[in-house]
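Engineer: Provided herewith is a single structure, encoded as structure tokens, for subsequent inquiry.
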Amino acid sequence: MLVVVLLAMASSVVLASDPSPLQDFCVADKASPVLVNGFVCKNPMDVNAEDFFFSGLNKPGNTNNRLGSNVTAVDVNKIAGLNTLGISIARIDFAPYGLNPPHTHPRATEVLTVIEGTLHVGFVTSNPQNRLIFKVLNAGDVFVFPEGLIHFQFNRGHKNAVAIASLSSQNPGVITVANAVFGSNPKIDESVLTKAFQVDKKVINYLQSQFWMDNNN
């Protein structure tokens, strides 16, 4: 019996993902005060087409920033009907030499399709190998970033680039590595970062001041 229980627990962990729908749909009721893993369902009789609709993904995002990129995410916060469906989408715009910096999606695998331009993309495997797997993509190319791994996209061309990302979660989340490490609130103790990165304290102080301002403006 103990073996059966342990196997069942292991199987539940392996299969863990976004909650699966038990009915046709479960449109998010964002006004509900009830806290669950995801969102409470709206009354199906109050659901209409607008709950499954988003307009504007054809419009370029503003890349006039220090990174030269912009992500337009369409997740359950934008389309309530995505609740429990385990999927979302995003448009990523790149200015020439624009970068979507190293980041991770803690709850989703990402499938990236290049629509326009040329992108240098890659991800890093987990410890201890930390192997970089990368490729140059052109329009029409598709690349997969496994769930939870740090990855990036860089426009190495002289023209704008556009990509569409499909993600295996209604709310994939994003952790930008530099922002999280150097821009946390409150700040991580400089002694921790100085030892972790083996650099001078002045370097850490400078990075923290820059990223903290970016995160808290």
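Every residue gets a Cβ built from N, Cα and C, even glycine.
As annotated in TrEMBL:
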- 1-16: signal peptide (SIGNAL)
- Cys26-Cys41: disulfide bond (DISULFID)
- 55-205: domain 'Cupin type-1' (DOMAIN)
- Asn100, His105, Glu110: oxalate binding site (BINDING)
- His103, His105, Glu110, His151: Mn(2+) binding site (BINDING)
Engineer: If you average the pLDDT over the domain 'Cupin type-1' (55-205), what number do you get?
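Structural biologist: A mean pLDDT of 97 is what the model gives the domain 'Cupin type-1' (55-205).
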Engineer: Just the number: how many Å between the Cα atoms of Cys41 (disulfide bond) and His105 (oxalate binding site)?
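Structural biologist: That separation, Cα to Cα, works out to 25 Å.
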Engineer: Between His151 (Mn(2+) binding site) and Cys26 (disulfide bond), what is the CA-CA distance rounded to a whole number of Å?
Structural biologist: 31
Engineer: List the residues in the vicinity of the oxalate site, defined as same-chain residues other than Asn100, His105, Glu110 with C-beta within 8 angstroms of the site's C-beta centre.
Structural biologist: Ala90, His103, Thr104, Ala108, Leu112, Phe145, His151, Gln153, Ala165, Leu167, Pro172, Val174
Engineer: How far is it from His105 (oxalate binding site) to Cys26 (disulfide bond), counting Cα to Cα, in Å?
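Structural biologist: Cα-Cα distance, His105 (oxalate binding site) to Cys26 (disulfide bond): 23 Å.
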Engineer: Which chain neighbours of the Mn(2+) site, leaving out His103, His105, Glu110, His151, have a Cβ atom within 8 Å of the mean position of the site's Cβ atoms?
Structural biologist: Thr104, Ala108, Phe123, Phe145, Leu149, Ile150, Pro172, Val174
Engineer: Fewest neighbouring Cβ atoms within 10 Å: which of the binding-site residues His103, His105, His151?
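Structural biologist: Among the binding-site residues His103, His105, His151, the lowest count of other Cβ atoms within 10 Å belongs to His103.
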